[in-house]
Ligand SMILES: CC(C)(COP(=O)(O)OP(=O)(O)OC[C@H]1O[C@@H](n2cnc3c(N)ncnc32)[C@H](O)[C@@H]1O)[C@@H](O)C(=O)NCCC(=O)NCCS
Ligand SMILES: Nc1ncnc2c1ncn2[C@@H]1O[C@H](COP(=O)(O)OP(=O)(O)OP(=O)(O)O)[C@@H](O)[C@H]1O
């Protein structure tokens, strides 16, 4: 009851693609990137702390966070990224814990998927029942990231380097989805894992676990 899968991987490895399929299959998606955007809304303590640390240059004229500018600052300097993480990660984690508790307490049979690029980096694997990692080879990841976010090769490499290496995440994963090939191929793997999860689940409930 209330089972939770942690979905992670590298930047631009294909988590959004996989979580969209999982949603179609009936999963309830909890999106950490979306939570990260919510906790920096104007008027809140997190945005105030960010401005105190990085200055007014990280604000748009309307008082919202200038994400592009903050991204430029933190992804070119690991010490600055660390300072941002110390401000924002505790808030993101608290929000995730609250949503997962709500899901578990609801008694819902629905499977929840926590889509969190930094699940391992923030020590969040203990919050989920199992971890699925979306894998891709480095050249493909780099190419897709540059194209999607319109980044130079150097900037894309830096963003990839700001995370635990994907090979390590793969080693730590319970299940791995290989997203090197076509979206259709990935969809087939996701469906197989989803069916396997339900088979395991049924065995567990009939054996009284
Ligand atoms: C620096 C910010 C403002 C840049 O915003 P931008 O809109 O350009 O990127 P977006 O938030 O969509 O993130 C894109 C991808 O970058 C990667 N990424 C984001 N934050 C981080 C980080 N702190 N460390 C390493 N990689 C990160 C993730 O793979 C994410 O999916 C933003 O990424 C941010 O607030 N980051 C800190 C919050 C965080 O850690 N988010 C991840 C959720 S656990
Ligand atoms: N199998 C695929 N074939 C071709 N392009 C793909 C494939 N999977 C994903 N992409 C493209 O690669 C980019 C990255 O994928 P996606 O946004 O799903 O990654 P993500 O892991 O969610 O990234 P982030 O960590 O930044 O949130 C997107 O532009 C997406 O359209």
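Backbone N, Cα and C atoms are what each Cβ position is placed from, and that goes for glycine too.
TrEMBL labels come from automatic prediction, so no person has curated them.
Remember, it's a predicted structure, so these values are computed and weren't measured experimentally.
Going by TrEMBL, these are the annotated features:
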{"type": "BINDING", "residues": "12, 13, 14, 15, 16, 17", "note": "ATP binding site"}
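DSSP classifies residue 14 (ATP binding site) as coil under the three-state reduction. Taking Cβ-Cβ distances under 8 Å and a sequence separation of 6 or more, the neighbours of residue 13 (ATP binding site) in its chain are 134, 135, 136, 141, 166, 179. Taking the binding-site residues 12, 17 in turn and counting surrounding C-beta atoms within 10 angstroms, the largest count is reached at 12.
Apart from 12, 13, 14, 15, 16, 17, the residues listed for ATP, the same chain places the Cβ atoms of 9, 18, 134, 136, 179 within 8 Å of the centroid of those Cβ atoms. Proximity of residue 14 (ATP binding site) to non-local residues of its own chain (separation of 6 or more, Cβ distance below 8 Å) is seen for 134, 136, 144, 177, 179, 186, given in sequence order.
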